[in-house]
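Undergrad: Following this message is one structure expressed as structure tokens.
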Amino acid sequence: MKKVLRNVQMLNEQGELQTVNIAMADGKITAIGQEVTVVNAEVIEGNGLIVAPGFVDVHTHLREPGFEHKETIATGSASAAKGGFTTICAMPNTKPVPDSVENMQLINGLIKESAVIRVLPYGSLTKDISGEVRTNVEELKAYGAVAFSDDGVGIQLASTMYEQMKDAAKHDMVVVAHCEDNSLIYDGVMHEGKRNKELDLPGIPSICESVQIARDVLLAEAAGARYHVCHVSTKESVRAVRDAKAAGIRVTAEVCPHHLLLEEMDIPSDDANWKMNPPLRGADDKDSLHAALLDGTIDCIATDHAPHTVEEKCCGMVGAPFGIVGFETAFPLLYTQFVETGKWTLKQLIDWMSVKAAEIFDLPYGTLAVGASADMILIDIQKEQTIDAEGFVSKGRNTPFNGWVAKGWPVLTIFEGNIVYQEAE
């Protein structure tokens, strides 16, 4: 079916808005311009709203298979679509883990059956995410692994990481790491700083993260591997990534919205909806993350969408699982706090959430161009509303942003030329 998205505002390379029409057919963009018309096409009225590429999230947790009480591929992908995402990469901490061809085929089948957008599964670096027996990179790549990670835990043995990096390098695959030295966690539930002492809660020191990044960038250099750092949260980690890039090591990094928006002193009480890993750090860490994003040390923004049940998150931090949801609030929160205030341009934010993320894994998504996949969203930058976790499409309600007021909401999401989310009238 031919379609035309009519009367929308699209950013050009200079960051200027131009009124265009966008034609689509067979899941691809066929024309972009002010005078685009297509005979016998379905017309989607853009009403002068901003059009952007569908967002790309390289770090998400969909929980299926194995933990469907927290989230499913259906609910998670629908939540992502509502937030403006059309491509998401699903981490392998499921049950079973995508550590074999059989398990990868199972997950691919579930995705094909339930996903409303593009879901690209990770393969695990080690069997059962144990950090011990390495997986077969070549086999898992052949069955659709977008990259390789044991996210949720850090790989403790340098030899395991090094050997798997060498194997990944042979097959031009990216190794993606949750960096955490288990010997430095100390059963912590939040950042080791001022606030954990005030709340009398065990803390996780910054060095727990940064020491493993420092190790891994040197391993990546020796292995000739491409290496991506998940959810950078400390100034020391930023320094390690910046130094590695300066040395020519093939490293990329992401930052999460919550680490840009919040710091440890914002935590109001012993509330598990404020518990995530890595934890909210100090104000100086947050400032360092901002600077790193602006200077290119950090490449993109990723949500680390991590849903849990209300029962799991209803009490204090000790004993509760780490993680918060992020799909449905990421763009409006960042737009309100940084674009509206003039700290970022709209183009910067959109790029960090789309094309810059796609480039990490050489994905051909996150752009609006003739021949590209017809993945796009409409954003109403004037729309303001209060975040209400009870209204989330995700099964997860675990967010520290409940009750925040934000502007700039995605109101329509198109994936491969089909509307997969539209705001109710």
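Each residue, glycine too, has its Cβ placed from N, Cα and C.
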Undergrad: For the Zn(2+) 2 site that Swiss-Prot assigns to D151, H231, which of the candidates H171, H178, H258 is also assigned?
TA: H178
Undergrad: Starting from the Zn(2+) 1 binding annotation in Swiss-Prot that includes H59, H61, D151, which of D295, D299, D304, D351 is the extra site residue?
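TA: My reading of Swiss-Prot gives D304 as the candidate in that site.
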Undergrad: Looking at the substrate binding annotation from Swiss-Prot, with H61, L62, R63, N277, H308, F322, G323 already listed, which candidate in N21, N93, N103 is the matching residue?
TA: N93
Undergrad: When DSSP states are folded down to helix, strand and coil, where does H59 (Zn(2+) 1 binding site) land?
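TA: The three-state answer is strand.
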Undergrad: Of the residues named as substrate binders, H61, L62, R63, N93, N277, H308, F322, G323, how far apart in Å are the Cα atoms of the most distant pair?
TA: 17
Undergrad: How long is the line from the C-alpha of L62 (substrate binding site) to the C-alpha of D304 (Zn(2+) 1 binding site), rounded to the nearest angstrom?
TA: 10
Undergrad: Give the sequence-ordered list of residues that share a chain with D304 (Zn(2+) 1 binding site), lie 6 or more positions from it, and have CB atoms under 8 Å from its CB.
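TA: Once residues fewer than 6 apart are set aside, D304 (Zn(2+) 1 binding site) is near H59, T60, H61, C230, H231, C256, M276, G323, I324, G326.
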